[in-house]
Amino acid sequence: MREFLYSTPMRFGIYSLLISLIGMMAIAFLTYDSSAKLLETQALARLSDDLQREESLFMEQVRTLKDDIRLLSNNASVSGIVRARQGNGYDEQENMTLAMWQQRLSSMTGTVMQQRSTYQIVQLRALSDNSLLLNMERQDNVVLTLPTSASTAESLNEAYERAKISLINQIDISNPVLLKKDQRVAFPPQSAIFASRLIRDNQGQPYAILVIQVNFDLMASNLKASKDDISYFVANEAGQYIAHSDPYRNWGAELNPQYTIAKDFPLLDDISYRQNSYFEKKSIETLTDDSGLVIRHIPLRSEGFTEGLLIGAKANLTHIHQQSQDLFRNIMLLMAIGVLIIGLVTTAAAYHLTRPLLRLKKAADEITAGNNQTTIPIEGKDEISSLGRSIKAMLEHLDLSRQELAEINASLEQKVTDRTIELEIALDQANAAAIAKAQFLATMSHEIRTPLNGVLGMTELLLNTPLNSLQQRHLETVKRSGETLLNLLNDILDLSKIEAGKLTINHSEFNPNELIENCVMLFADTAGKKGLEVIPATLPNMQYMLIGDPDRINQVLMNLVNNAIKFTEQGQVVVSIEILDERDKQFLLRFKVEDTGIGISEEAQQRLFQKFVQLDNSSTRKYGGTGLGLAISRQLTELMGGHISMHSQEGYGTSIWFDLPLDKGRRSISLTAEHQTLLSQTSALIIDDNSTNRELLHHIMESWGIQNDSSDNAHSAFTQLTQQAESGNTYDLILLDQMMPDMTGLELARKIRQHPLMQNLHIVMLSSMEIGSEQEWQQSGVDFYLRKPFRQSELYNALISVLSGQKNQILPAQSGTNDNPIFNLTEKQGCRILLVEDTPVNQQVSLGMLSQTGITADLAENGSEALTLYQKKEYDLILMDIQMPVMDGYEATAHIRASEQNSKHHTPIIALTAHAMNGDKELCIRRGMDDHLAKPLTRRALLEMLAKWLPNRTQEKSVYRSEKNGRTEPAALPPGEDREQNESIVLDKNVLQKLSEDLGGQSLQPVLNTFLSGLPELESNIISAFKIKDYDKMKKSAHRLKGSARSLGACQAGDLAEQIEQHARSEDYSELKATTEQLGPAIKALEEALQDLNIEASCNE
């Protein structure tokens, strides 16, 4: 059965069936569509005819109304009434009184009203006194003559007023309106139209007005009724309904304005029926989903109306659609029968034509099954017989080919076996070579760094001894050569780690501005020796810490900055950071290094980021380098998920940048309220001939709220300062560069100080060069000297100091190339260090560096000796080498950590290793060590590690802390540190000492006693105000406590008072409750600290 369904005759029949089906379905759909459209068109035409008939009936009533008012107004009785009125009640011409004429007119009018059931009221009113001359009304289908003294309806009054305005003989017919009573629509609503005509006397002067009120509901009754699935409506030219079969839409123009033609029929152009072009067409016919719609415009202005009307008819076309669907079903049924017949006939014919082909297929199946001796049926001379002969010839050739293939296959299998064995041997050799390469790199790293550690370490020790100038130069050359060799070794190892896929990216939180500033500081001295200016363009408004690998980012930046300085002879190098995009949890940052150096040709740019590539041979000879730095930078950037790019022009400098996606960390600490207020009230003038520096300082000042202007030379700046001073709007602060072409900064400062109106200006000097002695710049009137490049925190502290009145200070730039940094290790005297090192040279270097700090150390040559000394003595720090005989550093560390499990004591262990592969620092941390120092050692790195890990032995604590925090913290926070560390400080004695110095060394005991005695009252005022929610009193009391506490170094109480003041200002009750509950314990701790201080002072006396 399955074979039959998939046979050629069956498929041929199916294809014929499908083709026939598609054709007939197309015919059926076209027939259905044409018939449906024809039926709809005919229905729409009938609807249009019906609406035209209704329009004719309506217009007939309008013409009748015009004839009737013309008949009545031209009647002799009207002229008689006019003459009788003018003759004081008597018409001498016809010998009739006014009453007789009125009676005659009433009789005729009554006859007309009896014939016209739509006429409700007919009135004749004199123009001179608005008196009624005729008043007839239909009541309960009875025509009555009412007294002329009766009141007139409001709608009739409006008709009279409109007729009086025109004062012409033509008939005026109003648009349909709803009758009103007391300025409101009468209930139940009744609609009417008013026909009026002006009556003139014998002299042709306007005398009276005849008005007929017509019941529009009766007049348009045919248009409000639905019949034969047809509903009619009447609307004004604005598309608002006047008459409608739907009671909600009836009189929608006044009662329900939300119902309009445009709202009910959105398929129509909602303004087409208001356009003149549409009025000219007079009608519109359209089809909606299940209905037909015809709207006709009646231009009633020519008939005396104030404007035209729209009449419309809507017919339900469901029955027409049903007829179309019945026709479509009949067509489909006939089509199905025809298609079935065609399919059967086609299948039978196909089976007859393909029977020889089926016999060939059967023979082919037997050949496929392996029966090569089967008989091939060959009958006739048609195409199928020719196919049979070809198959027979193919079988003969197939037998020959099979024999040849068997012979070739046997030979090929042997070759594949031999080649597989060769590939396996090659793969084993390649794996062994890779392992040997990694082991070789690790071993060579250790072996090269060990003697290099001796060279650099001994050189550094010698540089710290008395030397003559020639010896100094020789040793500095040795040191630079060794560092160059070390950098080359690091580049090769980094490249090897990247290629091996073993270089890892570690994520931690860091400050991007500090990263830029620290990088710039490292190259400050190198750039200064070449006369270059290195500018850190940071982000002043950066509010977040970032999460990434700061070490790798710094490595890329250092490569780029080093190249920029190397290839720049004059000008500047700008290291900047900018935000390209910000999302909820991530920044896209661009780190850029721009220089004014020699530039790079377009051809060289194409291969610049490849390994071992230089610009050309001349640059290699002149500037040196391996060509690995940029290649490593590119690969590191890509490992961190970013990309690196550049732009350069020969002779005009180079810009290289890399973009990195970095996650957001915690928020940075914002300015304190006091400093923010101080800076926001400050105006500054920036004077610098370098546009980059001016722009950088402008953005920094702006982010701190300082209003600032700038000037690019000293002369124009002095003119600007003079004008400001003479106008009484003097600047508060001047940021002044030293090296300017027309006048130096010191010369300008002296000139400013000589001006009588600028004596109080604060001057901060910014310079990348030394400017002489401290006495020289102080005599020039400079309040603060800051060496470029500087950190934002240094500038911030400098401005706060100057604006707070602390003058004559100098803050030199920190240089990353300073080989002899000053570390105060006097607090570490008495600490005990254990050095574990097996190499004699490294022993001498390390012990020599330690001896220069005044700290002695015990020496162990392997891990076993280290354990013996550790068990005998207690050490504050252990410097542990990794590769040693007998017992290595990892095993010794494991024994030490195991012995510490039963005690609370923890000895910091610093790893000393020359390894540079596979994440040495991370491995050391995992094996129980606390930190890592890479060989060769530098004095700076060693001293930083000692300052970080050694405890203070001699410094006396100067800070009282709450009992909850048992950690020892510094007495005062350095600039830029997290303010959260300040929360636990109860009383800062450094502040008290400074206050005592400001008071000339006087005792602070009276001040402290006064403050101590007032604390209970301040606390009570805050607590009582909180209970009654007196936020104003809380704010004032907290402000007093904050000022007093911070003046005396009571940090914890001052911070709490500031929080209470802020929450009281915002009336945040829940936050006030939390901070108020903390106030009592904080004041108690403060009182105890002050009492202890009093006892200490008494003992000292």
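Every residue number used here counts from 1 along the chain in the order it is shown.
Cβ coordinates come from backbone N, Cα and C, glycine included.
The transmembrane segment annotation in TrEMBL covers 12-32 (among others).
Sequence annotations record features per position, and here TrEMBL assigns transmembrane segment to 331-353 (among others).
In the three-state DSSP scheme, Asp737 (4-aspartylphosphate) falls into the strand class. Here TrEMBL flags Asp737 (among others) as 4-aspartylphosphate.
Taken from TrEMBL, the feature 4-aspartylphosphate covers Asp881 (among others). Annotation for Asp881 (4-aspartylphosphate): same-chain Cβ neighbours under 8 Å, separated by at least 6 residues, are Val836, Glu837, Asp838, Thr839, Asn842, Gly889, Leu912, Thr913.
Taken from TrEMBL, the feature compositional bias 'Basic and acidic residues' applies to 956-967.
Feature annotation from TrEMBL assigns region 'Disordered' to 956-984.
TrEMBL lists 1000-1093 with the feature domain 'HPt'. DSSP states for the domain 'HPt' (1000-1093), grouped as helix (H, G, I), strand (E, B) and coil, give 81 helix, 0 strand, 13 coil.
Residue environment of His1039 (phosphohistidine) contains 16 other Cβ atoms, counted within 10 Å of its Cβ in all protein chains. Residues or ranges marked as phosphohistidine in TrEMBL: His1039.
DSSP gives Asp881 (4-aspartylphosphate) a strand state. A distance of 40 Å separates the Cα atom of His1039 (phosphohistidine) from that of Asp737 (4-aspartylphosphate). Within its own chain, Asp737 (4-aspartylphosphate) has Ile687, Asp688, Asp689, Asn690, Asn693, Gly745, Leu766, Ser767 as residues 6 or more apart in sequence whose C-beta sits under 8 angstroms from its own.
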